[in-house]
Amino acid sequence: MLSRIPAVTRCLSLAALCAASSVHALEFPLPPPGEDIVGQVQVIKAKYEDTFADLGTQYDLGYLEMIAANPGVDPWLPGAGKDIVLPTRFILPPGPREGIVINLAEYRMYYYPKGQNVVHTYPLGVGREGWGSPIGVTKVTAKTPNPTWTPPASIKAEHAADGDPLPDVVPAGPDNPLGPFKFGLGLSGYLIHGSNKKFGIGMRTSHGCFRMYNNNVLELADMAPVGTTVRIISEPYKFGISGGKVYLEAHTPVDDLGNPSVVDKHTAVINA
C-alpha cells in the first residue's frame, strides 16, 4: 500500500529527500538499472546582489523553477543571507535514455552522450501562447556558431505592430536573439539556440524554438554531433523509483492555448 505526502511544490518536497550539495554543473551519473532519479537539492545563502535570474544562470535552473522552490522570496532581491533552495533533483523523463530529450512540461532538456553513463540537463525557454513548440522525434541537422538571424515574416509583422520593427537580417553579436550558437533540427522552422537575454529561460517565452542559456548551448555544442536524435515530449507527470520507493514529479500541465490547467498546480510525491 502506498503512503502519500500532501501535495506541495516539487522543489520543496524533494528538498526533504536529500542533503544539500555544492555541486553547480548539472551533469549526473546515470542511476543503476531500475532507478530513475538523479541529483540532489541544494540550499545556498543568497548574496545581497543575487537575483533568481543570476542564480539560474549559475546553477542551470529556470526562472519558474526558482520561483516554485522559494515561495515568498523576492526573485529580484532575495536578501543577503537568505536561504535559497535550488531544485536540482530530477526524475528522468520516460522513454529511451539516448540523445536529446526535451520535456516541454518542465521546460527542461536532458542530454545522454553516446557511450557515456551520464546525463546533462539544462533549462529551456519554450514556445509561448500562440507559438507552441512541437512534439515529436527529429534529429540535429546542422550546427552553426555565431549565427545570423533572418526574422520570419510573421515575427517581423508582430514586432512592427508593437512599434519595434526588425531589420531583414540581424548579424551575429550580443544583440542577436539566437545567441552564440544554433542547432538546426529536422523540424522546419525550429531551432535549439542561445539567447541575447538571460531572463526567460525556464518559461514560455519563445516563438516555438528552444532557448538556452549561452553557456549551456555552447557546452551542448561541444558534445552533441549532427545526427543526434531529438525527442520532444510533454509529460507533466513523471514517475520514478529510487531506493525502493516510488516518486511522482508533477508540473503544471499546459493546454493548447498556453494556459495553465486547473488540475494539479502543485507537486505530489508518493512514497512506497
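Every residue gets a Cβ built from N, Cα and C, even glycine.
Unlike curated records, TrEMBL annotations are generated automatically.
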Looking at the ranges 142-171, 172-201, which is given as region 'Disordered' in TrEMBL? 142-171
Near Cys209 (active site, nucleophile), which residues of its chain come within a Cβ-Cβ distance under 8 Å, counting only those 6 or more away in sequence? Gly127, Ser133, Tyr190, Leu191, Ile192, His193
CB neighbours of His193 (active site, proton donor/acceptor) within 10 A? 25
What are the DSSP helix, strand and coil residue counts for the domain 'L,D-TPase catalytic' (98-233)? 22 helix, 49 strand, 65 coil
